[in-house]
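Annotated active site, nucleophile per TrEMBL: C406, in sequence order. Sequence annotations record features per position, and here TrEMBL assigns S-adenosyl-L-methionine binding site to Q278, E328, N378. Residues or ranges marked as domain 'Methyltransferase' in TrEMBL: 299-363.
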Amino acid sequence: MAGLKRRVPMHSLRYFISMVGLFSKSGLLPWYARNPPGWSQLFLGTVCKGDFTHVVATKCQKGQKSQKKPSHLGPLDGSWQERLADVVTPLWRLSYEEQLKPVINGYRNKSTFSVNRGPDGNPKTVGYYLGTWRDGNIVCVRSNNLKNIPEKHSQVAQYYEVFLRQSPLEPCLVFHEGGYWRELIVRTNSQGHTMAIITFHPQKLSQEELHVQKETVKEFFIRGPGAACDLTSLYFQESTMTRCSHQQSPYQLLFGEPYIFEELLSLKIRISPDAFFQINTAGAEMLYRTVGELTGVNSDTILLDICCGTGVIGLSLAQHTSQVLGIELVEQAVEDARWTAAFNGITNSEFHTGRAEKILPGLLKSKEDGQSVVAVVNPARAGLHYKVIQAIRNCRAIRTLVFVSCKLHGESTRNIIELCCPPDSAKKLLGEPFVLQQAVPVDLFPHTPHCELVLLFTR
């Protein structure tokens, strides 16, 4: 399991603990210190024993001392590769004696590479950004030496760069300045299958001209130098915005298999190019086991999986529940969840496509008949919509809530305050408040200060 025993929740958890202390003093958020279940000792070590806050704070201080944040992008701060590693994987200089020894390198199953000017000024450089748009000092640096990026991902990025430099079309660095070739997404699974997705700004090209470009990049990766990447599939997306969904601009399969499949928690899971899936597969398995343990579901429980992605959390617990109800915005991910359920013989699940704030209230109206509902939320960094919080608070059947967060400060903080504050008719938060019972950090991101935090609320 990748980095799961690391004891360092870092700044997000430290911020959370200080926030909990603040809420506790105000009477909004009682803190109940409880020992975690036995399985958590596998990856938490002594973190949850004794003075939890002290251990976290100590580790955070060590982590901060080890990080070297470049104050500028001048040539005196070391090599470009070292500066990129300091930004993307700021703990890379550690020997990891304070971390775990399992798979800590190359653990990402999805990487997104940008196209922009490199340190040498070449605008057709594929890698990761240093600098900021505001300061106008953006530099794109290759990812070859980043510990969290698999060699296969860097290889595909390298060959995409080769392709761009022989293409007569310019890259699209800034939308209003023209150009065509944009970012590259690489997805892999544990079997080594590789999916590449190229984003292309069509500008004013005709369909015939677009066809030529698609055939050119297809030929490059099938019979040209890019054949060394041995891609399982190659997608092409015409995008006129920073980020387009499949519904806004369909992913076009140029060759190969349309999906990637993964084995996780005894399930075969289908993953579409647009679907969310945790970027650390081994870590995701422990994360989902952690969520399952905290939910405490049984045969009388309805499991409500909000922001369910490909449905893995709900489907992995389906055999222990009465019914699984999933809600997800991305249509492709819902189709993946339905396929996974059918392939694995799971018949007590249903998945709904759309915004949770619109679907959830109606879905919960029929669940007030006394049957227990356990909710799991795993939102994006933007957190949950306010109407989703309202629906959860006001559904009396939901007595247990498991909240998974990769970015606890910001909107997630607001979500937690709204879940735990006293009833407020002005805000339409009428239901009984939730109480935070337990916080379990799971390290999905070795060499970085980030972790997933699983919060258990009950009422």
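From the backbone N, Cα and C atoms, a Cβ is placed for every residue, glycine too.
Listed in chain order, the residues near the S-adenosyl-L-methionine site other than Q278, E328, N378 are F276, F277, C307, C308, G309, T310, V312, I313, V404, each with its Cβ within 8 Å of the site Cβ centroid. N378 (S-adenosyl-L-methionine binding site) sits 9 Å from C406 (active site, nucleophile), taking the C-alpha atoms as the reference points. Highest Cβ count within 10 Å among the recorded positions Q278, C406: Q278. Taking each of the binding-site residues E328, N378 in turn and counting other Cβ atoms within 10 Å of its Cβ gives the largest count for E328. If you compare every pair of Cα atoms in Q278, E328, N378, the residues listed for S-adenosyl-L-methionine, the longest distance is 15 angstrom. Distance between Cα atoms for Q278 (S-adenosyl-L-methionine binding site) and the residue listed as 'active site, nucleophile': 11 Å, as a whole number. The CA atom of E328 (S-adenosyl-L-methionine binding site) is located 18 Å away from the CA atom of the residue listed as 'active site, nucleophile'.
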